[in-house]
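Engineer: Sharing a structure below in structure tokens format, with a few things to ask.
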Amino acid sequence: GETISIYYDPGKFPALMPLKNGNYEERNGGVPQRGNITIHLQQFNEDLDKMTPDKNFGGIGVIDFERWKPIFRQNWGNTEIHKKYSIELVRYEHPKWSESMIEAEATKKFEKYARLFMEETLKLAKKTRKRAKWGYYGFPYCYNYTPNNPGPDCDAKAMIENDRLSWMYNNQEILFPSVYVRHELTPDQRVYLVQGRIKEAVRISNNLKHSPKVLSYWWYVYQDKMDIFLSETDVKKTFQEIVTNGGDGIIIWGSSSDVNSLSKCKRLREYLLNTLGPFAVNVTETVN
């Protein structure tokens, strides 16, 4: 769009792509330490030209890359395969090493090249679309209300790791934390989830010389119940948390599956007109 462009999995980041039979296929080496940066950047440049041909694009550019995290430890769940594969590569190369030595080497190699890919991608975006404001979706991560960290505060290790990602944040004009809430949480927990994530993003921003803006990704359905729109109370309280804790704005996100039928379109239109729209206007006027 003219105001905001979201680039989903752009370029050719190294990744292990899941196949229908349960196996994985290597894309550009599979993991950062085996990837070809030139191939990736060439493809990323082509993707930019295709999606945003206007070199004077002055809007917001969001790079939405979620195949793996640049912090080795944080690759769990869907991204854990990259961690396991990296460990196996070192084990194959050094069969006599201890497990701790193998993991340390895998961590070092992975994080070195993960940084290379993510940093050079940002730099190329900024070089070719100088007027746009760039950043990666989801960062900084907080991991509050997760199985290993069930409270409102961000995971202590993740906060230290966020400080280690200053190389990324120094190249971003905007931070894009995700504040999607879950139905399984209590109303108060939903508020605290948003509060914790905004506070961490603002903390990171305040620690940087150029103080990037904090624009939160907010979804109008519950992450674990995608057929239920956020209640009026949840809309009001989550918006208020973003504003009162130092957030600079909100990106209201939606999935194509939210509008893939006539009945869904009608439901969303009604929700926008009666619930979300009026409150969004109210918050905008208050902030301005």
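Yeah, the Cβs are placed from backbone N, Cα and C, and that goes for glycine too.
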Engineer: Among Asn36, Asn144, which is annotated N-linked glycosylation site in Swiss-Prot?
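Structural biologist: Record annotation (Swiss-Prot, N-linked glycosylation site): Asn36.
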Engineer: Validating a neighbour-count step here. Other CB atoms within 10 A of the CB of Glu66 (active site, proton donor): how many?
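Structural biologist: Looking across every protein chain shown, the total is 13.
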Engineer: Using the alpha carbons only, what distance in Å do you get between Cys154 (disulfide bond) and Glu66 (active site, proton donor) once rounded?
Structural biologist: 20
Engineer: Looking at the recorded positions Asn36, Glu66, Asn282, whose Cα is closest in space to that of Cys142 (disulfide bond)?
Structural biologist: Glu66
Engineer: How many whole Å apart are the CA atoms of Glu66 (active site, proton donor) and Asn36 (N-linked glycosylation site)?
Structural biologist: 18
